[in-house]
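Chemist: Structure incoming, see below.
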Amino acid sequence: MRNNFVPIILSFIIFLTPSIAEQEPSILSPVDQLLNKTSSYLDFSTKFNQPRIELTTSTIIAGLLSFLASSISSAGGIGGGGLYVPIMTIVAGLDLKTASSFSAFMVTGGSIANVGCNLFVRNPKSGGKTLIDFDLALLLEPCMLLGVSIGVICNLVFPNWLITSLFAVFLAWSTLKTFGNGLYYWRLESEMVKIRESNRIEEDDEEDKIESLKLPLLEDYQRPKRFPWIKLGVLVIIWLSYFAVYLLRGNKYGEGIISIEPCGNAYWLISSSQIPLTLFFTLWICFSDNVQSQQQSDYHVSVKDVEDLRSNDGARSNKCMFPVMALLAGVLGGVFGIGGGMLISPLLLQVGIAPEVTAATCSFMVLFSSTMSAIQYLLLGMEHTGTASIFAVICFVASLVGLKVVQKVITEYGRASIIVFSVGIVMALSIVLMTSYGALDVWNDYVSGRYMGFKLPC
């Protein structure tokens, strides 16, 4: 009886197993589908395995020019997208939209190197804090990220003639402001050099001893400054909030975490949710007393410090202007892949922020906006991602080289205005190259009879 009972139990288990197996997928199906959709949507390995651009002479020349452009642009922390786009279009022979997506990757690579270096550099004029002004970054970043989203859509909708015209107008204004600020800082530095020389002649041995006693006290006063991890965490939360919106929305093919119709009502509803998100973060930061910090040190009183104090007080009274400018900068960054630093940098210089702090803060903000722009290009079906990553590595190395050279020059000659002039030179070259190429592109469209009006984003 026992021998007959064992086969009956085994046959019952075998019969029951398929029914259990059929029930398990019904329980795990929603979770499995969500995980599969997320993994397939974020599976960039297939994009990186796309056929790369052939290694030709023009590609090598484009890489060398990109290295030179990144090393120059890294001094001002502006990203260099205004130079990358003409290089990739004129030299490498890419179309404007592909060049813009490449530029977003290249700006990201250079910004990573910039931020990595500036995080460990202390500003002696602000009590030993980092060169990056996290208060300004908090105030500007939400609107800049919203502008990037708008700019990417505008890149698909606007005709080439309108994009070229807007770029030329805004960049011309920024260039004039930058060179004006550069001349101002140059004259101010010249006056400070004369003051130091006159003081050096009048100093006697007793004053030298007093100064030698003061310096250790200053160093001890600056040491307790700690890294603002909370502010950095808030910036990361802001970035992740916008990234979550992009994951929910999906790309133009309707591929995302949730299944929605491409360019349907749900698509635009999720996209428009960035507006209240931006308003929430911006208003909270604007009216929060915690975002204000005293940047000046009581031990550094000079003509330049008085001017900076006066300018910073005016900037705080008109701080609502910063989000508007950040929005415009983000729009241009999304359209051209320039990171937005070319407009933010003249703004910060205009209100009296030191060139070193301006460059460091701009590179930090450009990192956030350029990574968001690069991710959006990926989600919109960007091609040749592997080649774009190679150019990003080139810009990363070039930025490290450029930063070291500029820091050595500033330390030796004491001319921080070199940073401002480098920004102006990059802007001027960008205007000439981008406007010339854009005008030729518009002329070719006109001669060939192509459609030169607005297009649908999808």
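Placement of Cβ uses the backbone N, Cα and C atoms for every residue, glycine included.
It should be emphasised that the depicted structure is a prediction, and the values quoted were computed from it without experimental measurement.
Features from Swiss-Prot:
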type	residues	note
TRANSMEM	5-25	transmembrane segment
TRANSMEM	53-73	transmembrane segment
TRANSMEM	74-94	transmembrane segment
TRANSMEM	101-121	transmembrane segment
TRANSMEM	128-148	transmembrane segment
TRANSMEM	150-170	transmembrane segment
TRANSMEM	227-247	transmembrane segment
TRANSMEM	267-287	transmembrane segment
TRANSMEM	324-344	transmembrane segment
TRANSMEM	348-368	transmembrane segment
TRANSMEM	386-406	transmembrane segment
TRANSMEM	418-438	transmembrane segment
Chemist: As a test: from 53-73, 128-148, 267-287, 348-368, 386-406, pick the stretch that has the greatest number of Cβ pairs under 8 Å with the transmembrane segment (227-247).
Modeler: 128-148
Chemist: For the transmembrane segment (348-368), which partner among 53-73, 101-121, 128-148, 418-438 gives the most CB pairs under 8 Å?
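Modeler: Looking only at 53-73, 101-121, 128-148, 418-438, the most contacts with the transmembrane segment (348-368) come from 128-148.
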Chemist: What residues in the same chain, six or more past the boundaries of the transmembrane segment (386-406), come closer than 8 Å to it by Cβ-Cβ distance?
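Modeler: Tertiary neighbours of the transmembrane segment (386-406) are 48-50, 52-53, 63, 66-75, 80, 84, 101-102, 105-114, 117, 418-419, 422.
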Chemist: Six or more residues beyond either end and a Cβ under 8 Å away: which residues meet both conditions relative to the transmembrane segment (324-344)?
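Modeler: Counting only partners 6 or more residues beyond its ends, the transmembrane segment (324-344) has Cβ contacts under 8 Å with 76-82, 84-85, 99-104, 107, 111, 139-155, 158, 163, 166-167, 170-171, 174, 362-363, 365-366, 369-370, 373, 376-377, 423, 426-427, 430, 434.
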Chemist: Could you give the residue numbers and ranges of same-chain residues that sit at least 6 residues beyond the transmembrane segment (418-438) on either side and whose C-beta is under 8 angstroms from one of its C-beta atoms?
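Modeler: For the transmembrane segment (418-438), the nonlocal Cβ contacts are 69, 72-73, 75-76, 78, 80, 82-83, 85-86, 89-90, 160-161, 163-164, 167-168, 171-172, 174-175, 178-179, 181-182, 185, 336, 338, 342, 345-346, 349, 355-356, 358-359, 406, 409-410.
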Chemist: Take the transmembrane segment (128-148) and find every residue of the same chain, 6 or more past its ends, with a Cβ under 8 Å from one of its Cβ atoms.
Modeler: 115, 118-122, 221-223, 225, 227-228, 231-232, 234-235, 238-239, 242, 274-275, 277-278, 281-282, 285-286, 291-293, 295, 319, 322-334, 340, 344, 348, 353, 356-357, 359-361, 364-365, 368-369, 372-373, 376
Chemist: For the transmembrane segment (150-170), find every same-chain residue at least 6 residues outside the stretch whose CB is under 8 Å from a CB in it, and list them.
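Modeler: Sequence-distant neighbours of the transmembrane segment (150-170): 96-97, 100, 327-328, 330-336, 343, 373, 376-377, 380, 431, 434-435, 438-439, 441-442, 445, 452-458.
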